[in-house]
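In what follows, a single structure is set out as structure tokens and then discussed.
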Amino acid sequence: MYAFYSLLIYIFYSLFRRDGGAAAAAEPGDPAQRARKPRGRRRPDLPAPELWTELTGLAASSEPEDGSEGAAEGRAAAVSLEEALLRLAEFLSVQLGAEESCGGPADLGQSGEVPSLLTVTSQLLALLAWLRSPRGRQALLQGTQPAPRVRPPSPDGSTSQEESPSHFTAVPGEPLGDETQGQQPLQLEEDQRAWQRLEQLILGQLEELKQQLEQQEEELGRLRLGVGATDSEKRVQHLTLENEALKQSLSLMRDLLLHWGPGPPIRAPQEEAEALLELQGRLQEAQDTTEALRAQLGVQEVQLQGLQGALQQLQQETEQNCRRELQQMHGQLAGLRARMASLRQGCGDLRGLVSTFTQSCQGSLSEARGQVSWALGALSSGGPGTQLPEGQQGPPAGCPGRLPELKGNIRVLCRLRPGTSSSLVSVEPGPGGTVTTCYRGRHRRFRLDWVFPPDASQEEVFRELEPAVLSCLRGYSVCIFTYGQTGTGKTYSMEGPPEDPGIVPRALQSLFREMGAGRQHRVTLSMVEIYNEAVRDLLAPGPPERLAVRQGPEGQGGIQVAGLTHWDVPNLETLHQMLKLGRSNRATAATAMNQRSSRSHALVTLTLRAASPPRAPGTAGTLHLVDLAGSERARKAGAAGPPRGDPDGARRLREAQTINRSLLALGGVMAALRAHRPHVPFRDSQLTRLLQPALGPGTTAVLLLQVGAGAGQVCACRSPPTRARPPAPLARRSPRGRRISGRQSAPSSSPTEWVKWSWGQPGAAGSRAPPGRLLPSAPTLRSPGPPAPLRRPLAVLHAPVPTTARARLSRPQRACPSSPGSRPCPWGLRPGLCWQRR
């Protein structure tokens with residue numbers, strides 16, 4: 001908008017300063033004149049085309065008579081016209097500033113919407129153009145009053161003229177024509193009518209400006225009643241600017257009327273004084289209103305600052321409260337998670353106890369049926385009064401159901417490698433034998449279930465393990481594994497050469513021989529190795545792949561290996577071929593201690609399912625044969641600090657570290673089982689996870705400890721922190737579930753005398769079964785002499801139920817009337833089947 005008004009003023013100023021001769025020469029129809037017209041499309045901020053046409057016509061009508069006179073008159077008129085245009089520009093700038101503060105000026109480019117200010121300006125410029133026209137100059141040259149000083153007609157219809165102080169005189173030597181003198185009255189009348197119209201128009205504009213001023217004052221009064229401090233201040237500023245613009249407009253109009261129009265009417269001094277006082281009063285009132293609004297604005301700003309401070313404080317308090325509540329919720333969530341974990345653990349323990357109790361009851365029932373069947377057969381064949389031959393403590397070998405009894409659910413045997421120095425290790429061979437080690441001047445003595453001398457044969461070792469192997473035909477789970485340092489003969493004891501087979505070939509031969517004596521079983525074989533904590537199938541058709549070990553579904557229990565192949569074995573020859581295939585796929589390597597060292601743990605699992613009476617269909621026994629990799633020191637094995645770029649040395653070091661960690665985890669499991677801890681860390685390694693079914697409740701584990709000839713190997717077997725603790729002092733259990741100290745041995749290998757001795761030991765009455773171990777009771781066999789008195793009734797033992805599991809029991813708790821001093825059974829068993837000391 002500023003550019004538009006500035007351009008308009010510049011055009012008017014240039015139009016009236018043009019040389020008179022050039023203006024006269026430029027005709028409307030001149031080609032040069034038409035060539036100078038602007039081309040292209042019109043700018044949107046320019047006035048309407050009709051206004052441009054009117055201004056162009058006014059400019060063309062101003063033609064001086066000659067060059068000299070036009071120059072002289074142009075200079076005289078330029079001074080007053082420039083002053084008027086400067087005032088007009090000042091007024092327009094103030095007016096535009098007020099309009100922009102209100103929200104922007106109106107669009108002048110729209111057709112038919114020419115502002116009234118431009119109309120007044122065009123009329124004023126038309127008057128100026130008439131003064132510069134030949135007729136106006138003739139009037140000036142004739143000595144008449146200029147057009148700006150023409151008075152409007154009087155009320156009686158006559159016109160009067162006033163001489164300006166600076167009137168022009170006629171130029172000497174220039175005569176006036178008769179025609180000009182004749183047209184003078186007509187011209188004066190036309191000028192008088194034009195001045196009257198102009199005066200009326202200007203007075204109308206003044207009235208409009210006054211009305212706008214009154215409207216702005218009314219708007220200012222309404223603004224005083226407003227509530228918003230910021231809007232009031234903006235409105236005051238806007239009204240102030242608009243008031244200034246109106247004052248400038250009024251002053252400009254007055255100056256134009258005083259300079260170009262008729263003189264203002266003479267007012268009395270008293271009226272002027274009253275008007276001045278009224279204006280001063282209005283000004284004072286406006287100033288007072290402004291000050292009041294400013295004071296109100298300051299008060300509201302103070303209130304706003306206070307509210308902002310309160311809001312900030314409230315936000316901080318709310319944020320702190322939310323954070324505190326969030327922390328409390330996190331704490332409660334952590335507590336709920338821990339409680340949920342404990343509840344899940346208690347539920348799992350309870351399920352394990354229920355499953356174990358069910359299995360033990362089924363085993364006891366099956367065993368009792370077999371014994372009853374054998375007793376009935378013996379009585380029917382021998383008649384009444386038949387007694388067993390001297391030296392025979394059980395049913396003969398050919399009778400169905402005749403199997404050697406177990407001597408405990410955890411048994412530890414020790415075998416010395418030939419060539420062991422007697423200065424380092426001294427033994428007392430036989431059942432309940434002792435092993436005494438001497439290392440760095442310190443002697444330690446271990447008592448084990450059985451100690452084999454260095455010259456013991458493979459047959460002697462297997463003869464002691466045969467009862468445990470054959471017990472899997474009655475539905476038991478048996479695990480036999482060897483433990484020792486690298487080079488102590490573990491693989492030799494388990495496999496053995498073809499001419500002198502070890503435990504595995506002899507156990508398989510004994511099982512198939514026993515099954516061939518009239519029993520029908522289905523034999524399933526699986527073989528895996530644990531290499532660097534990776535479980536691989538050694539009997540898979542393709543290359544060995546890593547298998548995933550998972551917990552079995554709820555209600556079934558056990559450990560499941562996804563993708564493991566199970567093979568049905570029809571005969572012994574096929575079984576040996578498959579075992580040979582599995583051994584060839586096992587990871588072995590040469591170390592500084594052994595030419596062919598096993599670098600992984602091998603686990604052979606045989607599952608035997610009975611399919612004919614007297615065993616019910618579905619009864620299954622499991623035999624786990626484990627060949628553990630030897631524990632070793634990295635320095636002695638040649639794997640300590642391998643040089644860079646030696647992949648074999650780095651691989652040996654990693655294998656040794658993994659083997660030692662898994663054996664240490666196995667030692668932790670054994671220690672937990674020995675101490676009857678409620679939690680057994682089976683998940684510490686893949687080895688213990690796979691052995692969890694073999695080391696759980698109702699199973700039998702036989703550990704064959706291999707001791708080498710060197711001093712370092714003796715040290716490895718007796719250093720518990722860094723190696724798997726040798727389970728020599730582990731407690732073993734009788735066939736009826738009684739716990740017997742590992743440091744005391746039975747006086748004889750006879751099952752009858754061993755059972756009598758175990759139940760008659762002084763410290764046996766105070767022992768308790770480990771948590772979760774419910775073992776089946778074995779029948780009491782007759783002996784030539786009277787048995788030792790029992791310290792407590794022969795019954796199924798159970799461990800204290802965990803608190804989380806006890807809370808979930810819904811069965812009624814009853815006390816056993818036959819055992820005074822007893823407390824209610826958490827399992828809700830009927831009287832006489834449960835006994836528990838306070």
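Heads up, the Cβ atoms here are built off N, Cα and C, so glycines get one too.
Here Swiss-Prot flags 23-32 as compositional bias 'Low complexity'.
The region 'Disordered' annotation in Swiss-Prot covers 23-48 (among others).
The feature region 'Disordered' is assigned by Swiss-Prot to 140-185 (among others).
Residues or ranges marked as compositional bias 'Polar residues' by Swiss-Prot: 156-167.
For 186-351, the entry in Swiss-Prot reads coiled coil.
Summarising the annotation, Swiss-Prot assigns domain 'Kinesin motor' to 409-740 and lists sequence analysis as the type of evidence.
Secondary structure at Gly484 (ATP binding site), taken from DSSP and collapsed to helix, strand or coil, is coil. Summarising the annotation, Swiss-Prot assigns ATP binding site to Gly484, Gln485, Thr486, Gly487, Thr488, Gly489, Lys490, Thr491.
The region 'Disordered' annotation in Swiss-Prot covers 718-792 (among others).
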For this session: Determine the most Cβ-crowded residue among the binding-site residues Gly484, Gly487, Gly489, using a 10 Å radius around each Cβ and all protein chains in the structure.
Result: Gly484
Seminar exercise, completed: Cβ contacts within 10 Å for Thr491 (ATP binding site), all chains included, total 23
Exercise. Tell me, by DSSP, whether Gly489 (ATP binding site) is helix, strand or coil?
Worked result: coil
Exercise. Out of Thr486, Thr488, which of the binding-site residues has the smallest number of neighbouring Cβ atoms within 10 Å?
Worked result: Thr486
For this session: Within 10 Å of the Cβ of Lys490 (ATP binding site), how many other Cβ atoms can you find? Include all protein chains, please.
Result: 26
Seminar exercise, completed: On average, residues of the coiled coil (186-351) score a pLDDT of 85
